[in-house]
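Chemist: Structure below; questions to follow.
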């Protein structure tokens, strides 16, 4: 009993920190339980309904598999989570909250391991736990499993590696390397672990290691990493060149774009970690209106605000950050190696996304999740240096200066949490409408006809023209997933995936089963005529988005087609 008591007393500060982080994370993300599928979840669930777990890997080339693109460990876990409770969010919400807390706790330990300062570790942990810029990694089901688990094993790998430097043992070293590879296999964006661990050895090892000796020591890691990265690039440029949406290979000068992204993305992210997009757009808009009035009077103004203008503002603030970092580096002799490590860590975390093309000045929120951790250490050291300066120069007491620093990060975190709540409230509002739509769908169409053909009209367009349902993906694909258990949907349609694009419509038949979806009446009539389909296959729906009502208009649609002379002759 005395031993247990002494251990508890010895670690009471860590217990306090972990408890605080748990309360903060739960308080920040508890609304996740009220959200719903956003987009890619429908494609994942559709394929998982019709494929065994390992069939997923057949969608990838050999080079993609070697390059980590298949996410070997993430997918089986996602498969289980989708299959045990289709169309449910509880398991994903619970997972996201738990593992974001684990990551925040591990990151606190990592920061403490690197700096030997509880103050820096607490500041860094709070910053990471509440940063809104990377919150999509927690709030989006399709991203949460690979990103959170990849980060979890990344932090574990780094913690053990730092400990292996303090107490050199082969067991710690190889366990760290193995966990680093596991992190990569969960999500390939942590490829930089192949560079980061040798860098830690170079910066922090007590031995005078040469470059060649470091490479030799990490030969398994470096060798596997080199092969994986080369395979990834070869797959991108030679196997799927021009086929993958959102990648540089879909555009002109892909190599130039890739090289420029290696520089642009990390530099712009220096400021974007701290500046919310709405604030950035406001600054960009003000600069545009005051300097480029002729452009700002056109319809393209909003595009300019969120692309060129946003990137220009990002560069301005990033330049200021770089100047501040240089000053911090000069003033912080004690933590120069940690600062250099954090800077390289940050830059490498964004280089992983260089093959991607952005739609505006920001990358997708989830891509900032790992980079936030590197920036959090820099923030923690900044607060440490400022605290010491205030103690020495302003004669403020040590405890008062620490309290002010902690209060500052708490206030900053409060506003970050408020922003996450705002984002979640928007997601919940959309989720409520989508769940309500699906519930009304069961009432309006409880039983499908053979080879059903859906026609959907409505009072409002969602996301793009002619999309009358409140979904970001193809309504036709959504309907097939929702009704798959009826036994009337061909399995291979979900595998393809047929009708996945948000504007897609059409009809297809295979092995005696068919399915169709249309939002254009003329295209529906043409398909009925060309495929010689019966009127009884038609299911007509109208979505009144203002009153949130889904109305079965099957008879009206069939009557309209009957009145059409060309359809009459066919039917």
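Each residue, glycine too, has its Cβ placed from N, Cα and C.
According to TrEMBL, the feature transmembrane segment maps to 12-32, 53-77, 89-111, 118-137, 143-162, 174-200, 220-241, 262-283, 312-331, 338-356, 368-386, 398-417.
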Chemist: What parts of the chain pack near the transmembrane segment (89-111), using Cβ distances under 8 Å and only residues at least 6 beyond its ends?
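Modeler: Tertiary neighbours of the transmembrane segment (89-111) are 17-18, 21-22, 24-26, 29-30, 32-33, 35-37, 81, 120-122, 124-125, 128-129, 138-139, 141, 144-145, 148-149, 151-152, 155-156, 158-159, 162, 373, 376-377, 380, 431.
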Chemist: Taking a Cβ cut-off under 8 Å, which residues six or more beyond the ends of the transmembrane segment (174-200) line up next to it in the same chain?
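Modeler: Beyond its ends, the transmembrane segment (174-200) has Cβ neighbours at 67-69, 71-74, 146-147, 149-154, 156-158, 160-162, 164-165, 214-215, 217-218, 220-222, 224-226, 228-229, 232, 341, 344-345, 348-349, 351-353, 367, 370.
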Chemist: At a threshold of under 8 Å on Cβ distances, which of 143-162, 262-283, 368-386, 398-417 pairs most often with the transmembrane segment (312-331)?
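Modeler: Selected stretch: 262-283, with the most Cβ pairs under 8 Å.
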Chemist: Hey, which bits of the same chain come close to the transmembrane segment (368-386), Cβ under 8 Å, at least six residues off its ends?
Modeler: 107, 110-111, 114-115, 117, 119-125, 127-128, 131, 133-134, 136-138, 147, 150-151, 154-155, 189-190, 269, 272-273, 324-325, 328, 331-332, 335, 338-339, 342-343, 345-346, 349-350, 405, 408-409
Chemist: Six or more residues beyond either end and a Cβ under 8 Å away: which residues meet both conditions relative to the transmembrane segment (262-283)?
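Modeler: Distant Cβ neighbours of the transmembrane segment (262-283) are 131-133, 305-306, 310-311, 313-318, 320-322, 346-347, 349-351, 353-354, 360-363, 368, 371-372, 375, 419.
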